[in-house]
Each structure stands twice: as C-alpha cells, then as structure tokens.
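Here TrEMBL flags 3-98 as domain 'Pyrroline-5-carboxylate reductase catalytic N-terminal'. Feature annotation from TrEMBL assigns NADP(+) binding site to Ala69, Met70, Lys71, Pro72. Feature annotation from TrEMBL assigns domain 'Pyrroline-5-carboxylate reductase dimerisation' to 160-264.
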Amino acid sequence: MQKILFVGAGSMAEALIHGWVEEEVVPAHQLYVTNRSNNERLEYLQNQYGVNILKEHNEIYNMDLIILAMKPKDVKAAFDTIKSFIKPETAILSVVAGIAIETIEQGLGSRPIARVMPNTSAAIGMSASGISFNEQVTQELKTLYLQMLEAIGIVIEVDEDKLHAITALSGSGPAYLYYLLEAWESVGLEFGLSKEVVRKLMVQTIAGSAAMLQSVKEEPDVLRRKVTSPGGTTEAGIRALENNHFTEAISACIKSAEARSRELAKGE
Ligand SMILES: NC(=O)C1=CN([C@@H]2O[C@H](COP(=O)(O)OP(=O)(O)OC[C@H]3O[C@@H](n4cnc5c(N)ncnc54)[C@H](OP(=O)(O)O)[C@@H]3O)[C@@H](O)[C@H]2O)C=CC1
Ligand SMILES: O=C(O)[C@@H]1CCC=N1
C-alpha cells in the first residue's frame, strides 16, 4: 500500500491520520488528502502531520487505496468527482456511516471494497472499529486492513448488516460518553468544585471502570452491586436514574442511532 488518499478531510480522517502517523503504521509521506473546498483545512493537516495535499484529480490514478471520509449526503457528489480517475485495481475503504458496499460498487465500479466503522479515539490508538468486506478483498488485503486498524485500537469483523449496530454502539459511542461527562461536570461545578478537579475525577472514574470491566471479568451488574451499599448514596443515585427512565433513554438512544444508519443506507 504505497499511496493512500483520504477523500474527505474532517474529524474522522484526522483521527485516522493522527493514529496511523503516531503509531508509525503508515508514514505520512504515503498519505494524501483532498476535500470539497476547504484548502485551509488541507494545509492544517499537511502542517500538523506531514501528509500530502492532492494537487490535481489526475493524481488519483496513482493511489493504491482511497479512503472515503465524507458525510453520507456528500457521497454521490464525491463519486462523480473521482470515479473517472480511479484505476481498476485501486481498493476502497469507506468510513461513511450507512452507505452500503453495494452503493459504493454502483458509484465507483466493481473493485475491492471494505467498510470500516471506527471512532474518533483512533487518534490516540483507542478506536473500537467494526469492518466488513466485499468478495474482492483478498485475504492479504484483509490482513493488512486488520493490522492497520489494530494499530489504532481494536477491530471486529462483522457481516455488513451489523455495521448499523456498530455505528450506533461504538461509532457514535464516544459522543454519548462526552454528553454524560458534560452533565456530570455541570453538577460538579454546581457543588462548587473546580472544573479541573471534576474533570480529573470523572476521567479517572471512567478509565478505572473500563479497566475493571476488562481485567476483573465480572458482569457490569455485579460490579455495580459492589459499589451499591444498601441504604447508601449509590442506591439513591441509581433510584433517581430509574425514576428518570435511564435504561429506556439509553435504549432509545442506541436504537435511534441504529435506525438512522439504516435510513442513511436508503439515502434518506
Ligand atoms: N466523526 C466521527 O466520530 C465518525 C465519523 N464517521 C463517518 O466519517 C465520515 C466523515 O465524518 P466527519 O469526519 O465527522 O465529517 P466532517 O464534516 O468533519 O468532514 C467531512 C469532510 O468531507 C469533505 N467533503 C464533503 N463533500 C465532499 C466531496 N464531494 N468530495 C470530497 N470531499 C468532500 C469535507 O470537505 P469540505 O470541508 O471542503 O466541505 C470535509 O473534509 C462520515 O460519513 C461519518 O459517518 C465514522 C465514524 C465516526
Ligand atoms: O454521527 C454520525 O453519523 C457519525 C457516524 C458515527 C459517528 N459519527
């Protein structure tokens, strides 16, 4: 894989570039970026990570891998711009939520196509990614993709239909946790603690809980019960969550995201 082009240069492209360059998975000089119009953004990525800016569309012909990293609504326009410049052997890796392999085949022709659903923690080597392939992806190419994704976190191969669920769970997942932290932080401030202190406590609490789940190998409900003393503070807190329909809210959150991914697949 000598030359890799990101078509779309936003948050997700940057997270992957950051992770791959930092983890020395792909040298920056092999990475190229292009977008619709924001040249400043391309210059920022060039200055920050040492990647190349694609100068003209003819250069697309030299790419070994094209990573699709635009919003789902922009996919069609991007296909129209790039399709006549892509050579038949060039592989495609799409991070676009909801857009099916079949749609990419229709837009860019029959070729090796993989869909990956990473998350923005790829930037620090902590992505949780799901991946699916079409039949033209060789075992060698699969292995390469899995290595590239394992270098920036964990990766799980699934049937393409399950990517909707992975998008809803771990693709969008960081945003749910940041949203939780926003709420947590504002209560901490209400109690008169400094933002710095609350942040330190919450980050450590989340990291510690995740590490406990990973190392102690007990179910979340067992770990939860160990924190919850009868008649104590946690019990009071959990009761308030129940009274405010916490489980229903989380279930609705993830199911709405999954349903939205399916809508995106239909072009809605
Ligand atoms: N952000 C996330 O956490 C995750 C995102 N994804 C997926 O990654 C994709 C990108 O998301 P994100 O990075 O957040 O989006 P951003 O809005 O940050 O970036 C989108 C990029 O696409 C470019 N673009 C738009 N239209 C075209 C076009 N026709 N040709 C070339 N480039 C184009 C934009 O260029 P310009 O600025 O010039 O308009 C911009 O660089 C989405 O499909 C999303 O589903 C997947 C997993 C997680
Ligand atoms: O919100 C989105 O549609 C994308 C997909 C997963 C995370 N961000």
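Each residue, glycine too, has its Cβ placed from N, Cα and C.
Whatever TrEMBL says is automated annotation, not expert-curated.
Of all the binding-site residues listed here (Ala69, Pro72), the one with the fewest other CB atoms within 10 A of its own CB is Pro72. Mapped onto three states, the DSSP output places Met70 (NADP(+) binding site) in coil. Counting every protein chain shown, the number of other Cβ atoms lying within 10 Å of the Cβ of Met70 (NADP(+) binding site) is 24. Sorting the domain 'Pyrroline-5-carboxylate reductase catalytic N-terminal' (3-98) by DSSP state (H, G, I as helix; E, B as strand; all else coil) yields 46 helix, 18 strand, 32 coil.
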